[in-house]
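Q: Annotations per TrEMBL:
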- A:12-40: transmembrane segment (TRANSMEM)
- A:60-85: transmembrane segment (TRANSMEM)
- A:105-123: transmembrane segment (TRANSMEM)
- A:130-147: transmembrane segment (TRANSMEM)
- A:194-214: transmembrane segment (TRANSMEM)
- A:226-247: transmembrane segment (TRANSMEM)
Amino acid sequence: MRPLHPVSPGLRIALGISFFVLFIAFWAWITLGGHVNRIFLADPLSMLRDGWRLLVEDRFWLDILITIWRVFGGFVLASVVAVPIGIAMGAWKPVEAFLEPFVSFARYLPASAFIPLLILWAGIGELEKLLVIFVGSVFQIILIIAVKVGSTRRDLVEAAYTLGSTNNGIVKRVIMPANAPEIAETLRLVLGWAWTYVIVAELIGSSSGIGYMIINSQSRLATGQIIFGIIVIGLIGLLSDFAFKAFNRWLFPWSLA
Amino acid sequence: MSKLLIEGVSRTFAGVRGGLPVKALMPIDLAVAANDFITILGPSGCGKSTLLRIVAGLEAPSEGRVLLDDKAVTRPGPDRGMVFQSYTLFPWLTVAENIAFGLGERGMAPKERDDIVASYVDLVGLRGFENHWPKQLSGGMQQRTAIARALANDPEILLLDEPFGALDNQTRGLMQELLLGIWERRKKTVLFVTHDIEEAIFMASRVIVMTARPGSIKSDVAIDLPHPRHYTLKTSPEFSALKARLTEDIRVEAMRTAQARPAEA
């Protein structure tokens with residue numbers, strides 16, 4: 001095969017789908033063929049049956065909704081705090097010098113390790129779930145945005161100065177619009193991570209949500225339900241990512257294509 | 001009276017990693033009369049862009065000062081419009097919004113802006129492209145917009161830093177005529193930096209030739225070719241004579257640059 005040679009669109013789709021087919025076929029072969037113990041891994045068909053029962057009989061869709069609300073709630077909370085701080089750090093170097101060492105340190109604190117502490121502070125209600133996502137996202141967003149803003153094209157800033165911009169004008173009318181698409185892309189990325197944090201938060205001390213259903217199913221050895229839950233998370237993540245991407249394209253027509 | 005006075009302006013860059021400081025610009029004295037079109041011609045790295053950036057207020061001189069209408073330049077401002085070699089249109093603004101940018105920064109109401117913007121859109125021949133994003137324009141159109149954007153502020157002096165350097169030869173020729181045509185009609189004080197000898201002669205009422213780094217003024221040549229100038233001028237005997245003379249001047253400097261070792265530069 002010639003390196004770096006592009007693949008035709010049709011073949012690309014066919015290859016992409018064929019992996020899923022192979023994957024599911026392998027899964028069906030080891031489960032339905034009796035190569036693994038059913039207790040530890042459900043086959044694809046019972047997974048679908050379990051999922052359907054979950055949705056219809058156990059009102060699993062309520063858990064899905066509550067998990068979505070937690071992700072977006074925590075994510076919006078983190079964004080509202082982190083975006084202005086990130087912009088300030090990128091734009092004004094003293095602010096960066098003041099906050100960057102701490103934020104860099106805080107970024108490596110694992111959100112999951114905070115869960116016991118957050119439960120002590122905020123109980124096991126909704127606030128605790130939001131805070132887990134907040135702690136997991138906020139420092140990441142701050143740092144990435146600070147770096148993006150800090151690398152704003154200097155020639156655009158200089159051009160604006162020669163057109164009469166004040167220091168505040170530069171921040172509002174050059175630095176912010178210039179980085180808006182990158183900031184939106186950063187948020188899209190971090191939203192993906194927020195899905196990981198919410199499940200972890202729901203695995204511990206929770207009575208609702210997709211994560212709760214998963215941990216609950218574990219005690220009943222309902223591997224079909226666990227796999228269904230994981231697939232649902234993946235699908236929602238994929239959908240929200242597509243939606244976010246489309247929204248960014250619509251918002252910033254000047255930056256793409 | 002001079003519009004722009006450059007008095008003993010020099011620039012030294014601090015040494016890198018304990019190295020010796022680098023002198024980019026020897027003290028320069030230059031007086032620019034109102035409505036003059038001055039081109040600054042020099043080999044690469046001679047400090048001509050640095051000089052222009054000092055006039056713009058984007059860099060501070062190590063010594064000396066710049067006076068515009070007897071007022072010392074300390075920072076960039078709308079009285080000195082600038083066009084850069086790199087494409088510096090704001091990508092999130094349309095052509096019309098880019099041209100209106102300076103007016104908006106001045107606090108002018110959107111309604112007032114529209115008339116001014118329309119006249120500059122016409123001036124640079126971009127009617128029909130007002131609502132395009134910069135990325136949808138060719139390099140030449142982007143630089144035309146950049147010129148309109150700088151002029152819309154009605155600056156006292158227009159500074160251009162190799163504005164056509166990234167354009168292909170044909171487009172460059174057309175852009176030279178366009179800019180010269182605007183200058184002939186509207187009269188503006190212009191400082192234009194270039195390393196292209198033909199461009200320097202064709203545009204200028206006066207060519208300042210700079211030496212290799214550290215830059216200083218090597219010669220100051222008045223260009224008395226008649227206006228309005230047409231591209232055919234470039235093949236006339238007078239033009240050729242000027243070109244031969246400046247080519248000789250520049251060649252010596254370019255060779256000095258080429259021979260200088262990095263350690264000495």
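Cβ coordinates come from backbone N, Cα and C, glycine included.
Just so you know, TrEMBL annotations are computer predictions that nobody has curated.
Note that the structure is predicted; figures quoted are calculated from it, not measured.
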Q: Count the CB pairs under 8 A between the transmembrane segment (A:194-214) and each of A:60-85, A:105-123, A:130-147, then give me the winner.
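A: If we count Cβ pairs closer than 8 Å to the transmembrane segment (A:194-214), A:60-85 scores highest.
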Q: Short question: most Cβ pairs under 8 Å with the transmembrane segment (A:226-247), which of A:60-85, A:105-123, A:130-147?
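A: Counting Cβ pairs under 8 Å, the winner is A:60-85.
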Q: Under 8 Å between C-beta atoms and at least six residues away from its ends: which parts of the chain pack against the transmembrane segment (A:60-85)?
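A: That would be 51, 54, 99, 126, 129-134, 137-139, 141-142, 145, 183, 187, 190-191, 194-195, 197-199, 201-202, 208-213, 232-233, 236.
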